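Copied over from TrEMBL:
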- 170: substrate binding site (BINDING)
- 200: heme b binding site (BINDING)
- 201, 255, 258, 263: Ca(2+) 2 binding site (BINDING)
- 42-122: disulfide bond (DISULFID)
- 75-80: disulfide bond (DISULFID)
- 128-332: disulfide bond (DISULFID)
- 207-242: disulfide bond (DISULFID)
- 32-336: domain 'Plant heme peroxidase family profile' (DOMAIN)
- 1-31: signal peptide (SIGNAL)
């Protein structure tokens, strides 16, 4: 009887230990990322990618906003796993979703080229997801922006579906509270959101993404319903570039002042009514985000530091670091067989 009682006590104690162990939080995926991840397996990876990016930027400045936007769109859907790179014969991968069809080909080409060069030196070692993260940092640095240490060790994802994109990317007409909620799902704060929005200081946007603000604001007719938050002179400039019947391929600079420099002009623009998208201008009109906009407009160093921190946080979103969740693709545009 005593032996049976002791046995029950031992089993109960073991169960308590198991519960306690189970309650201990496991290390997060981002904790496994490291700037030294390829130190022994591919120590020159960043130099290789940087050389490819520099050559591509010299060919066309579009490389800068295209690569940066590609990184954002990748991380916000399946996490930072290069799933946006997959090309599907059936046109049903992430890149085929309506919100992604406007992604410029130069971003994809940058990663594909960099992967090819890395494979020559370190075959089967470096993920496309890590190459995209490095390239995104490099295009910013090469356009007068900040430089930061990229955390590495991501695997490439095993899922890429167009149907998974809707509702997961910031839209041009979103309100600040909705933007903040979307970013919060990825553990990004309102300050991070405002800092990352500063990426709009470079690049362009297709007219069809914002002409409602020029011609149909509030449901009015052509020419009689310009969004009053636009600077009037800026609205007239945009109308000249984007008539009511504008084609889907016509685009304008996101930053009309310094469109090829990664700087804090974007934030000063918002104070002057030069926010191209309604979601841009909302950052200044909403009290929750206005202090950050004003702070970044008055201090570029503050903006750069916040942007670097936010990019590191963004780069850890949904990363895959174990074999059953990802792979090292041989070709960034296709899953391994």
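In case you wondered, yes, glycine gets a Cβ from its N, Cα and C as well.
Here the features listed in TrEMBL are placed on the structure.
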residue : record                 : contacts (Cβ under 8 Å, 6+ apart)
42      : disulfide bond         : 118, 121, 122, 125, 126
80      : disulfide bond         : 71, 74, 129, 132, 133, 154, 314, 315, 316, 317, 318, 319
128     : disulfide bond         : 82, 85, 111, 115, 156, 329, 332
170     : substrate binding site : 76, 179, 182, 279
200     : heme b binding site    : 254, 255, 266, 276, 277, 280
201     : Ca(2+) 2 binding site  : 254, 255, 258, 261, 262, 263, 264, 265, 266
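Summary of the Ca(2+) 2 site environment: with the site residues 201, 255, 258, 263 set aside, the chain residues having Cβ atoms within 8 Å of the Cβ mean position are 202, 257, 259, 261, 262, 264, 265, 266, 269. Rounded to a whole value, the Cα-Cα separation of residue 207 (disulfide bond) and residue 75 (disulfide bond) is 25 Å. Considering other CB atoms within 10 Å as the measure, the emptiest surroundings among the binding-site residues 255, 263 are those of 263.
It is 75 that, of the disulfide-bonded residues 75, 122, 207, 242, 332, has its Cβ surrounded by the most other Cβ atoms within 10 Å. Note on the domain 'Plant heme peroxidase family profile' (32-336): mean pLDDT across this stretch is 96. A straight line from the CA of residue 75 (disulfide bond) to the CA of residue 242 (disulfide bond) spans 31 Å. The number of other CB atoms found within 10 A of the CB of residue 258 (Ca(2+) 2 binding site), across every protein chain shown, is 17.
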